[in-house]
Amino acid sequence: MAADGPAPAVQRLANGAQWPALAAAAALMLAAPAFAFAGWFFLADAPVILFYAVPVVAVELAVIILAIVTGFDLRASFAALAPTTRLGAGLWIIAAATASLIIAADPAAAYPLLFSTIVHAVFGLALCSLMTATGGAYRRTVMCAAGAGVLLYAAVFTTIVLVELRNPAFNWIGVGIGITNIRQLGFFGLALSCISLGLSQGLDGKLRAIAGIGAAAGFWLTILSGSRVAFAAAILVAIALCTLVDRQYRLRFAGLALAALAVAMPASYLLVPHEAWGLDRILSRGLIGDDINQYSSGRLAIWRDTLAAIGERPLFGHGEGQFRSQVAAAGGGLNHPHNAVLQFLYQWGIVGTAGLALMLSASAMQLRRLARHAEGTDLAAFGTLAGLVAIAMLEGALYHTYPVMIAVLCLAVLNAGAPRSETRAGETGAGPPQLPTVLVK
């Protein structure tokens, strides 16, 4: 007997959520290029647009509003979370609010970042709700929109760089085109390469060629950043994804990744306006260093001072936005300790960090299912998330607004549940989603 179709009420909900889901995808696609242009154009007159990533936060708020249109209810969504997730979220919220609203030595620096943190969290729930309301059918659309957004960012970035080549006063280290340091370009590049490679599974013809272009552009941005960490993470994630794809696609996947890298590496020499950029910087910094602290670009000294500061306020931390002014090794110029765990402990203390870990534990445990139920959308989301987390152990990938938004987006995609049409070739699709919603009861 043929399986019954969806209940009329469910079908009406899915139909009513289609245009908000498409509008949300369009907004997500525009986040990175809008951030790049606005950050550069208004840098002199309104630097807060760049430093607080105003266009990115605005897009997250727009997605929240669109989710509300489809019936998203924050209280109901929070109540539906699994008990451990709810407990972790509660501890994290209490610690974050206590640290930034009560403890922080510089409240003016803490408030905007606390607001962004709250927006990130609500954005994740809202996006997950929006995709779930459509039966999970727009998960792939959301990942494609994120990838297309970084590709548009690459176009805007390149155009502005070409314009600024004639400007002798341009800051080629800080850059200002959606980033405050050239190393941060690697966050964008890794996201694009991982999304493109993940979505390439099973594609042929023009779609496969587009995925290859995206992967090459992602590797290109990563190499331009001059970041050893981002480049290594991009390579390692590509290798990891190759082991997760269907066996029948594995050789083609490896060929696409190698071809993209083979194009990106020589192409990176076409745009090197400063010695801090490009492949030569990656290779030189990967081979030299008089001692381990110099080789790590001073990270050991930063981590030592950060640990001392954590010991001063171990429970609830110092609050967000305090690192630059409170930690001596920051030198008044660093906003984070270049390690996500130390960053969280410094900001939110043991209580907040433990709460965050508990909140995400259900998702982390269920990601193991990817080894058995990996399809393109899940591969793209998992690879991007894993890459950003890996970079965050040595950089600020989970401090800066845009990569955090992408990480939250990936978590939402992984937790929204795949539609039956996204099952592997040869499966009936009659079983449960490939990666079920793991945050809810």
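Here the Cβ of each residue, glycine as well, is placed from N, Cα and C on the backbone.
Counting residues 6+ beyond its ends, the transmembrane segment (21-43) has Cβ neighbours under 8 Å at 49-50, 53-56, 59, 62-63, 66-67, 70, 127, 130-131, 133-134, 138, 141-142, 144-146, 148-150, 152-153, 155-157, 160, 176-179, 188, 402, 405, 409 in the same chain. Positions annotated as transmembrane segment by TrEMBL: 21-43 (among others).
Residues annotated as transmembrane segment in TrEMBL: 49-72 (among others).
Long-range contacts of the transmembrane segment (84-103) within the same chain, counting only residues at least 6 positions beyond its ends with a Cβ under 8 Å from a Cβ of the stretch, are 78, 110-111, 113-114, 117, 121, 313, 315-321, 347-349, 351-362, 439. Residues or ranges marked as transmembrane segment in TrEMBL: 84-103 (among others).
With a threshold of 8 Å between CB atoms, the same-chain residues lying at least 6 positions outside the transmembrane segment (109-130) that come near it are 17, 20-21, 24, 52-53, 57, 60-61, 63-64, 66-68, 70-72, 74, 77-78, 89, 93, 96-97, 99-101, 138, 142, 319-322, 324-325, 401, 404-405, 408-409, 411-412, 415-416, 437, 439. Residues or ranges marked as transmembrane segment in TrEMBL: 109-130 (among others).
The transmembrane segment feature in TrEMBL is assigned to 142-163 (among others).
Annotation comment: TrEMBL describes 215-356 as domain 'O-antigen ligase-related'. DSSP states for the domain 'O-antigen ligase-related' (215-356), grouped as helix (H, G, I), strand (E, B) and coil, give 101 helix, 0 strand, 41 coil.
Same-chain residues lying 6+ beyond the ends of the transmembrane segment (229-246) with a Cβ under 8 Å from its Cβ atoms: 183, 185-187, 189-190, 193-194, 197-198, 201-202, 218-219, 222-223, 253-254, 257, 261, 282, 370-371, 374, 379, 382-383, 386-387, 390-391, 394-395, 424-425. Annotated transmembrane segment per TrEMBL: 229-246 (among others), in sequence order.
Annotation comment: TrEMBL describes 253-272 (among others) as transmembrane segment. Here the transmembrane segment (253-272) has Cβ contacts under 8 Å with residues 158, 161, 193, 196-197, 200-201, 208, 211-212, 215-220, 222-224, 235, 238, 241-242, 245, 278-280 of the same chain, all six or more residues outside its ends.
According to TrEMBL, the feature transmembrane segment maps to 344-364 (among others). Within its own chain, the transmembrane segment (344-364) is flanked in space by residues 82, 84-85, 87-96, 99, 306, 309-310, 313-320, 322-323, 327, 337, 411, 414-415, 438-439, which lie at least six positions past its ends and keep a Cβ under 8 Å from the stretch.
Among the features that TrEMBL reports, transmembrane segment is placed at 376-394 (among others). For the transmembrane segment (376-394), same-chain residues at least 6 beyond its ends with a Cβ under 8 Å from one of its own Cβ atoms are 139-140, 143, 146-147, 186-187, 190-191, 194-203, 229-230, 233-234, 236-238, 240-241, 244-245, 299, 338-341, 343, 367, 370, 403, 406-407, 409-411, 413-414, 418, 422, 434-435.
Taken from TrEMBL, the feature region 'Disordered' applies to 421-441.
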Overall pLDDT for the domain 'O-antigen ligase-related' (215-356), taken as the rounded mean: 92
